[in-house]
Structure formats: structure tokens, C-alpha cells
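**Q** Questions regarding the structure given below will be posed in turn.
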């Protein structure tokens, strides 16, 4: 177990210390073979062409090639039909002298040189096949209308499978729909047949892709008959036809034709395409829908084909496994089918195939063959094509499952290793060589190469190198003062230097240096940053009338060192060779535009590094010509048919026609819009009103504008008649307490239908068995009924009448006579206090008869009489809360705690407010108080201080006491433990003792009522310095021994100064003055508070 852990630790170190990427070894250096090109594993060939089995490889020395066929050596020299291309392993089989099927086998190529052996995949060679359809006699099919039908295709098995499609004798694809569709196996399914399905040329075609040949099945004849037709034709077709479904074809619920049964299952491989189909029959035609029972369908990978009958999921993954349900549904019912999908996986790489290793003598490395699959694949290793367990022993190599570990490799350990990963669904074979070389660095990138990059784009500067050990790449810029590191530079493992967003200052000369133990090599490259090409002013969409000029502007900015090229295109092609097209440096002008000039114009500015383009559309239009030849036909009392001929639309389709009329009897000289018809029609059936003299005209509209009006039609007169309609907008309301105003929207002259228009106004009280009152009024819009009771509901009718009769019985409208102020106040008014700031007011609603109008709601007037605390002032400030609708209670929020409130309630209607209720009062309970008004620190002493405060301005109740909390604050503003004191309500100061001297304290003070504590006020202060320490300093300074010591020190300093002075006069260079300037006399250093050292003596 310990050995296993050591090995895992060693492996981790190897991966972290020496993670080697795949290297491209220069071909002038010794290296094992690498296969560069090979034929696919499953290789289907065209039997009409020579067979070419590819196998190309590189190496130093150049490798030699050999082949196996079906696992045994294949001697190509002994087969005259087979040759191997020079310097290559590619086989060429000449089928001119042999049949292609003789060479259907499994081939494997081997490339070897003295450094190792590489092998190809097993290449299975099979020839494509496109067999002919077997001959068969297909009888005509006669079916009853409405039944289901399946036309089988059953193409011959080909390699690869053919592509199936149905066509007729004229090689036209047969139409398909949600009723008729082709299944995945090629059969043609009819959910139900219709008479139009009858035809004699249902032909199934099979196209074989490799040989590009098409085979066809014998045509199938289908005749669809109704039930009566079947009886008439039964005898004629009985002997030589197949008759399907002689039961009546009634409507029926869906049943599945494919697949059968309630459920099925299917296995699909990861990465492939999953196709599931459900085809149902029924009448009416069923609709198919799909769901995933165990989850959601992958939206981006899901496609529905063949009119929802096929569900296709591409790039299948393990998450697609589960149960899917297809449902067929029509109006008679539905049916379900569940499909269980199992996802397997052929082996696939997890982190890529093993990569080549180039190691220097003494280095370590790892080959990793990490793959997965379902079921889990097995992994085997080979060296130079020989199973690794049979290969020569190598102490530097150790195999651990999917990993080969190399330790302290030496010259001569080069080899090619094969990793084979397989499970029942496939295999992966990968070659990776280990090449042990000792090479100094070489830079492969061209020297002094110039890189040009557009500003704000990514810059990639190459430093491709090779060496063994792998060289370390270092980058420098310009002066090489320091290596490049960090933002904005990104260093890639292959030596490339990346600048994610290149700016102007990033340009310059770059040097890359490749180093390893054997030496170094450097290379210089140049990076130039260019300004981007940008179209500053883009061409704009133009709508130009024919004959005018169109100008497209395209103003461009580009880097001055780049050569620009401006190109104009029309509809993605070249401009017409026409002198009307004038191209300037930044514009395109088209003179005398015609309809053929319409299209999309694009300006493109190209440089060697980038380009920019912009497009705009030109529409050449003109308003249409007016319609002509207006004609009135099919003349009736109240309608007429109008036809006309459309004018030229001038290259802009007419979207609609507007028909206008003039009524010379009522509004001579005024044209009114009558109706619109789509631009595709040139006739209109016009509905007219009686008692009018009509003249019509037509205008055409296109994208430009309306045309001029057409010439008017002849006059068409309609006869008078009784009104067709009554006035609208009838309503009743009161403007006074004893009246009813009846109003309506009067008819227009055209609506009057005849002369002598007037109105019959009728009214009566609602819910009272009274007769209708009526009055006849002239052509007006209102009538006032006086002397009505206050606020009584009425039924109202207004009927239009002219000299030719009355309109139909009018509909009854409803209204009310005038309102009056409410007569009563709400009763039983009371308040329920919810909390210190909220009360709920209740009242009994006013009886309906006393409201005397439309109830709008209730208003609560309330005001704060005073605070219940003796120190608070008197308040009288009325407030109003409105409760719309028929309420019997309401809440009063935002009240002041510990206060006396008065209130009353009033009802209001559309006229105004009623009398107030009896004024009631309520008291709000106590709340928490506000913060104390002030907090001051006084009498600060060495270890004590006094706090003084003022009571809260907002007390919200009786103050029951105060809470004082305090804590010390150190030099780093950290807070110490909290001390707490409870203080009586009648105190406004407190003295704190036993505090620390020279210490900052923070204090918090809040007041309390019976409801709890309110917010706190805070204050900070610092206690004074300890006077005892200062006095001790003074005492020490007055001691005799201290004075003697100071005198002795002063004498020694004086002697030292004299000696220095004598030395200087003798030519000495003792820097006393400089030292005196740099170091102040210790006697004059200030005293430090924390260590009690001596300060300045005065």
C-alpha cells in the first residue's frame, strides 16, 4: 500500500514538474516513425476504380513499410496487381487485371526505422454494392377512401445503404404531408387515403452514393374509391387486384402503424444520430407530438422531420438515455407509444490521444492513454508493434494501467508505443513515440519576421523552437532591459507570445531567447500595430423616384501605411457598365435612376489586414397612376357594384385602393372615405344608405403615396326610408336634486335615411309598474325631465323617427335622477386600538335610502388632541382618510404613541359629504421612546468622568429608566468588553469611576418605557494622563544624585569637545560637527510616555 502511494506521488510530481506537450521534431534530427496519413478504418471502395490504401509516415531515417492482410504478412512483391508507391507505404491495386472483391480484407500498415515501429489502424476494405431490384409483379391496389395504406419499398441491400425517395414517371418527387410520409425504411405510409391519391406511378427509387447509380422499383398503381364506386367496380378488379379494407371508412381514433405495440427499445452509440419514428393512421389525420418522459428534450440538438413523425437527436450523449413518448391525437382520441433508449459508447479519448515525448538523457516523462466508453473499455500497450509484456525489458519504463512512466531515460530508449483501447463497439489505436535526444535549442521561426496586427485585435508572435531538454522561452522588448511578464502578455507553451488586445504602444522589436542546458539561441521579430479600417459614414437606404439621382456615401478611415481598395457591388455582383454610375473616393452616384437600378449596394474597403463593409438598398418608385374606367353595375336599393382599371404602379406594388364618395344632397363638395380593398382587387361591393346622392372616385396607394383621384363616377341616387338605427350613447343623470337629463348622440344626415328627422324620448321609474312617459323632440341631443324624486332609478329609451317611419324598438338604458347630500351620519362609531401606532375604526353603514346618491365611500376625520405625557405640547391637526366603496371599517396608521385622539366618520356620495358622526376618542398605548436629546461628557478625571444627558424629545410614554453601556477603544479602534448600568428615570447624569487613565471610551445611552428600550445616543471621550507619573518625573529630577549624574555627564562631554577641537587644529578630520548635526544630544531628547525615559531638562 505504501509503495502504491509512493508511486502515485511520484507520478504526480512527474506530471507537475515535466508536463511535456507534443513536439514537432525537425526532420533533420533522428526520430522514430510517425504515421501522417492512413485510410479510414471502414474503407468502402468503388469497384470500378483502382484500390488505393493510404499509409504515409515520416521519420529519420525515412521509414520502410510493410503490410499485413487478415493478420498475416502481405508480400506485395508477389502480387502483380499490387504496387507500393515510392517512399511511401500506400498500396495501389490495379483492378484492370483483377476483381475488386478479391481484395476485400483487413489490412494493417507498419512503418519502421532503427528508432522504432509505428502501426496503422486495421483498415477493413469492402467494395460498395448496388444490386438490382429483384423482379416482381406488383398488382394494382384498390382501396376505399379514408382507410390507411402502406406502399412497401424494400430496396436491395447495398453497401452503404441506399438513399430512398419516391417519384412519379416524370421524375418529380411525390408530395408528402402530415397525412402521407416516408418512413425511415423507405416505405410510403398513408394515414388515410383520399381520391386524389389515385395514380399509377408510385415509384420507389434507391440511390447508391458510392457508385452514383439509381435503381427503381416497378411502379405501383393505387386507386381510391368511395363506397358506392367500390360496388360498381368490384367485379372488374376482383380477379387482378388487391382490395384493402372493405369495411366502411368511418372516422376513427388513431392507431400506430409504426412501431407496433405499446413500447419498444433502441440502442444508439454516443456521438451518433438517434432517429425515432412514429407513424399513425386514423381519420381525421392524427397529429404526432414527442416528449421525453424522464426529462427535457435537448433543444439545440433536436429536430423534427417528416411532419413530426421522426424525432432526430444529433451528437447523442449519455444524458439522452431514457424513455421517450410519441403521442398520436385527433378529435376522437389519442394513443401513446414509449421508446426506451439505451446509449452505449465506443471508446473515446478523455484528454486526447497520447502525445509524442522528446526527452533528454536523464529526464522523466509520462505517456497517458486516457479513454472512456460504455461498457468501460480495456487498455493494452505495445512497443514497436509488440505487446509490451513481450517487449525487451527497460528499467526506465513502468506501465501503470493507462499510463507508461519513464524515469531517467538514456540514449537508445527511443521507441514507438501503441495504445489500444477497445470495447464491443469499437477501438482506438494511437501511436506515440519516445525520442531520447540531446540537442541545443534552435528557433524555427523566421528571423526578423514582421507581424502586422490591427489595433484592439489579438496579436500572436511566434517563437517556434526545438531542443532537448525542451528550451525555456524568454521574451524581451526593444532594449531588453527586463523580461516580459504579466499583463498584457500571455505566454503559450509553444513559445508564442500573445497580446490579447494590441495597442499602439505594444508595437516594436521583440526578442525571444530559447535556452536549455546545452546552449541558447535568440530570434528577433517586429510587431507593427495598425489602425483599423472603419466605415465612418455608411450608405443609407434610399427610396428614389424614377428619373432622379441616388447618392450613396461611404466615408472610410484606415491606417495610412496600408494600401486601401474601395469596391462597390450591386446585389453582390459588379456594378453595371454604365456611365450613369459615378464612383468617387467616398461615394457612388447613380443619375437618372430607372427601375432596373433597384437593388442592394455594398461598399467594401479592403486592406491587406482587414476590411469593413456596409450595405444599403435602393428602391426606385413613383406613386401610381390614378385608376380609370369607373363603372357602376348591379344597382340595388342599398348597394352597388363598382369596378375600375388599375393604373401603372411604377415598380411599387399597389397595396390597397381607397374608395371615396360625395353626397351632393347633404355635403356637396366634401369627399368622404367609404371603404378600402386590397391592391389585388379592382372591384368592390358598396353598401349604401337611403336618401343620398352618391358620386364615387378611387385612389391607389403604393409605397410612395396615394395616386391622384380617378375621375368621378356618375351619380347614383338612393330612395328615402325609415331610419335603420337609433341614437347611441343614451344615458340619464341628474344635474339637480329634482331633475333627470336624458342625452344621446344624434344621427348624422346620412344616417337619417330621409327627411323630417326627430326623436321620441321615453322614460319611466324602474321597479314601478308605471307607463312610459314620452316626448317628441326635434333634431337635438338631450331632453330634461323636471320634478323627479331625488336619486330614483329610471329606464330610458330614445327612438329615431323621420317622415318615412320610425327605427326599430330602441334598447332600454338606465339612469338616475339627481343626487342630494346624504341625510344621515354613520352610527355605532367606535375605535379598536391595535397597537401604539395603529387603530381600527368601525361603524354601521348608512341605510341606502339615506345616502340619496351614488355611494362613493366614507371619510374618517381624526386628530391628535394631545400627548398623555405632561411635558409634551398640545396638538390639534386634523387628518382625513378616505375609504372608497361600501366599507364598515378602516385602519388609521401612523399614529403617535401615548396620545389622545378624536375622530368622526362621514359618508359621501356624488353630491358631497353627509353630516359627521358623534365625535369619539381613543388613547394609543405607550411605545418605545426616542433617543435622548443630548449626551455630554463633563468632569473628565484620571479614572473617572461624568455623563450628563437630556430626556428624549419624543417620549411615547412614561420614561421608566435609562440603560448606559460603555466599552474602551484601543489604538487600532478595536472595542473591548461592554459594561452596562441601569439608571433611574429621574436622573440626568452619572459619574463613572475606576476607569483607565489615558484611555478612549465609547458610551451608549437609551431610554426605556414599559414597551421597551428606544434607540441609543452615543459619545466618545478620553480620560486624562496619570498625574502621579508626571509628579514622579518631577521628583526624580529634583534629587541630588540625579543632579550630580547630569553634571558628570556634562563634564565628560566638555572634555570630549576640547579633545576634538585640539585634533582638528592639528589637521585631524574627525567629523564632530557632522555628527552633532546628525545626532541631537541625548540630554535634549523628549521623554517617552510609555517607557518613562528622561525628557528635556528645563
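Glycine is treated like the rest: Cβ placed from N, Cα and C.
Remember, TrEMBL labels are computer predictions, not curated facts.
When I checked TrEMBL for this same protein, it listed these features:
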DOMAIN    33-120  domain 'Ig-like'
DOMAIN    131-221  domain 'Ig-like'
DOMAIN    254-342  domain 'Ig-like'
DOMAIN    347-435  domain 'Ig-like'
DOMAIN    441-528  domain 'Ig-like'
DOMAIN    532-619  domain 'Ig-like'
DOMAIN    626-721  domain 'Fibronectin type-III'
DOMAIN    723-823  domain 'Fibronectin type-III'
DOMAIN    825-927  domain 'Fibronectin type-III'
DOMAIN    931-1027  domain 'Fibronectin type-III'
REGION    1072-1098  region 'Disordered'
SIGNAL    1-22  signal peptide
TRANSMEM  1041-1062  transmembrane segment
**Q** Would you mind splitting the domain 'Ig-like' (532-619) into helix, strand and coil residue counts from DSSP?
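**A** In the domain 'Ig-like' (532-619), the DSSP-based counts are 3 helix, 47 strand, 38 coil.
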**Q** Please figure out which one of 33-120, 626-721, 723-823 racks up the most CB pairs under 8 Å against the domain 'Ig-like' (532-619).
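**A** That would be 626-721.
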**Q** Of the listed stretches 33-120, 441-528, 626-721, 825-927, 931-1027, which one has the most C-beta pairs under 8 A with the domain 'Ig-like' (347-435)?
**A** 33-120
**Q** When you look at the domain 'Ig-like' (441-528) alongside the domain 'Ig-like' (254-342), do they share 3+ Cβ pairs under 8 Å, ignoring any pair fewer than 6 residues apart in sequence?
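**A** When sequence-distant Cβ pairs are counted, the domain 'Ig-like' (441-528) does not touch the domain 'Ig-like' (254-342), since fewer than 3 lie under 8 Å.
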